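Participant: According to TrEMBL, the protein carries these features:
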DOMAIN    B:112-304  domain 'ABC transmembrane type-1'
TRANSMEM  B:48-72  transmembrane segment
TRANSMEM  B:116-137  transmembrane segment
TRANSMEM  B:144-168  transmembrane segment
TRANSMEM  B:188-206  transmembrane segment
TRANSMEM  B:227-252  transmembrane segment
TRANSMEM  B:286-304  transmembrane segment
Amino acid sequence: MTALQNRSRKTDGRRLGLVARRNITAYGFLSGALICFAFFSWYPMFREVVLSFQENNFVDPPVWVGFDNFTTVFKDPAFRSAWINTAVFTLLALLCGYLIPFVIALVLNELRHARGYLRFVVYLPVMLPPAVSVLLFKWFYDPGPGLFNQILELAHLPGLSWLDSRDTALISLVIVSTWMNLGSGTLIYLAALQSVPGELYEAAELDGAGVLRRIWHVTIPQTRLILLVMLLLQIIATMQVFIEPYLLTGGGPEDATISVVYLMYQYAFNFGNFGGGSALGLMLMLVLFVFSAAYLRLSRDNT
Amino acid sequence: MSNLTATRPPGTVPAKAEPAWRPRRRFTSQHRTVLSPHQLNSRWGRRIYWLVLVSVVLLFTAIFVFPLYWMITGAMKTGEEFARIPPTYVPSRFSLDSYREAWTLMNLDRFLLNTLQYAAGAWAFALAFDVGAAYALSKLRPFFGNVILLGMLATLMIPPTVILLPAYLTVKDLPILNLDLLNTPWAIWLPAVANGFNIFLLKRFFDSIPTELLEAAQIDGASPLRVLLSVVLPVSRPILGVVSIFTVVNVWRDFAWPLLVLQDPEKMTISVGIASLRANMPQTTMTAALVIASIPTIVVFFIFQRHIMAGLTAGGLKG
């Protein structure tokens, strides 16, 4: 009796030891990533909230100021421009950067020749570092010897002032952004299209559906999930637009291309106001959070 | 065009229906797409197909290849030819002077080496730490493992751009340790580890490895590290490839983060370095620098083309 109890206590002790050892090894493996996440993801998130309610010049101790940073930012005329521009940019970039890749993928999927070449060519701009693409287009947009106005000249059309005019500046940013990003979307759609079962098209055809109706009733429902996920990803990505205004226009002319992230950057590094910048960051975080949560839900439900 | 469709079962066009002029090679239906083989093989189907094919090839070449041609040849022109209106389509001389100038004047070798160093370090750290973490969360299952996993995946909802400012302040003055990591490679390497997407991909893959495989090794007396190195890693090569490529490509393409944390001209990445010099270089030199900056990524792409495509499509939906 006692011997048995003893033995079970002994095994209990050994099991406890094993569990402890397993946990210690597990946390050993985890430690590197845990430290990095803590320092560079979790803490900055928390710090963003703190910063946006503080006045902080990093010399004197920070002061809690309630919503002062937010009101300062609200009163800034650039604030409205930044949000409107970001929204318009996102919308336009969606129109171009979302529809065009899907149409390209549809066409490429039908072609039986030169597939490798076309895929490669579409993906070519994605391989360039974004800064290179943007600076390349800055040269193309040059109103004098720039490529675009030369092409317009060839077609006997009047040249545009592209980045220098309020009317065309934002569109110009959308064009660069679409050019350099549409490759990855196209290839993702292409892969999705190839997984659509061919029998469905045959069945639709037997029912007398023409090409457009086959696309509408077979292709789109079959790729609906990936289309939805890409839509959310695209919104999240384009709302963070920074490099285009930073390198091409500096937010000008007259705030016509200033974006939320660029304004946030300006607050912190041009005006030294990290509180205002963080307040902007926090607002953007909340907006993107909604889209991200939707994206995560979708992709988790389906993997 | 549609008179042939819908009446016959697919793939069985009778031989006698074939007019004499039709070339022997036909469109076969390896994988059925929106258009049916019949439509493609009909007389008008063929004509339209070839018309579309040729226009797509020309259009794509014009949109995606011509800008690169313009960049490469633009850098070969003299300053005078470069500014000429209308432009010359083929440079009057094929000189590499601008390239040489860009290389020596703009410190490009320094920038490229820096970027290589950042990418290599980020790769090593991300792989070591993220694989370790995913392995622990998937197979060793410690207490609070799920809480930690949730915390790591939650970062997926907060894009790094929106926490740019606090992250910058953290790197500037690391809490507790009070270290200034600005202008050191650590400012790139360590944040690269904190990537929820890597953890997600790796953990999902490790979950699919059968536990029996690991238990067999454990019974033979292998330690958890041994199991990771000689059982888990060899079967995880596809996902390791995807994670490696994502990490390296992210570091190479990133702009906003290195712009903030590596402001010393001696420490800049190639993208930031070239951008910082954009105001005080002649346009020809600048263009040559753009070409040089794009060569490494294009070479890498050629080497890893298959993996990149696989990562793009199978690795998830990151885009």
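Just so it is clear, glycine is given a Cβ too, placed from its N, Cα and C backbone atoms.
Note that TrEMBL annotation is computational and uncurated.
Bear in mind that the values here come from a model prediction, so they are computed numbers and not experimental data.
Could you place the listed features in the three-dimensional structure?
Facilitator: Within its own chain, the transmembrane segment (B:116-137) has Cβ neighbours under 8 Å at 145, 148-149, 152, 185, 188-190, 192-193, 195, 198-199, 202-203, 205-206, 228, 232-233, 236, 240, 243-244, 247-248, 250-252, 258, 269, 296, counting only residues six or more beyond its boundaries.
Long-range Cβ contacts of the transmembrane segment (B:227-252) within its own chain (Cβ-Cβ under 8 Å, at least 6 residues beyond either end) map to 115, 118-119, 122-123, 126-127, 130-132, 135, 139, 188, 192, 195, 197-198, 201-202, 205-206, 209, 213-214, 217-218, 269, 296-297, 300, 304, 307-308, 310-311, 314-315, 318.
Same-chain residues lying 6+ beyond the ends of the transmembrane segment (B:286-304) with a Cβ under 8 Å from its Cβ atoms: 71-72, 74-75, 98-99, 101-103, 106, 108, 111-112, 115-116, 241, 245, 248-249, 252-253, 270-271, 274, 277-278.
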